[in-house]
Amino acid sequence: MERREDVIVGKHVYGSLYGVPREKATDEEYLRGVVVRAAESAGATVHAVNSWTIPGEKGGVSVIVLVLESHLALHTWPEYDYATFDIYTCGEHTDPWKAFELLLSELKPRKYTVHYVDRSQEKTVLEAQPRR
C-alpha cells in the first residue's frame, strides 16, 4: 500500500435548544435564513438549501443546508419549545462553533446542550490498491 500524507479535518457540533420561542420555531422562512447565515458564519460554502414545515398540531420545521464542506441541520418541535441542531464541517478553514453561536444569538433558547466530536482522520492515510 502506498502512503500519502493528508489531513482530513472534520468538526461536528450538535445538540439541543430548550425554550425556543414558538414564533421563531414555526417560521420556516426565518429559520432558513438563520441556518444559511450560520453556515456562512462558519466559513462554509452553501451549495443547496431545503426546508419544510410539518403540518398539524405537532408539526415543526426542518431545515437542511448542504455545504461543500458537509452540512447543517435544524429541526424544531414548537409544542415543546424545543429544537435540535447538527453542524458538521470539514476543512481547516471552517469553524462550526461560529455557526453554533449564531444559532444561539438568533433563536435565544433559555438553555441548551452542546456536544463536539473531532471527526478528523490521522495524517497518514493508507490508499487502497486496485484488486488483481
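Cβ coordinates come from backbone N, Cα and C, glycine included.
Feature annotations, courtesy of Swiss-Prot:
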- SER70: active site, schiff-base intermediate with substrate (ACT_SITE)
- SER70: pyruvic acid (Ser) (MOD_RES)
- HIS75: active site, proton acceptor (ACT_SITE)
- CYS90: active site, proton donor (ACT_SITE)
For the residue listed as 'active site, proton donor' and HIS75 (active site, proton acceptor), what Cα-Cα distance in Å is obtained after rounding to a whole number?
22
Listed active-site residues (SER70, HIS75, CYS90), ranked by Cβ neighbours within 10 Å, top entry:
SER70
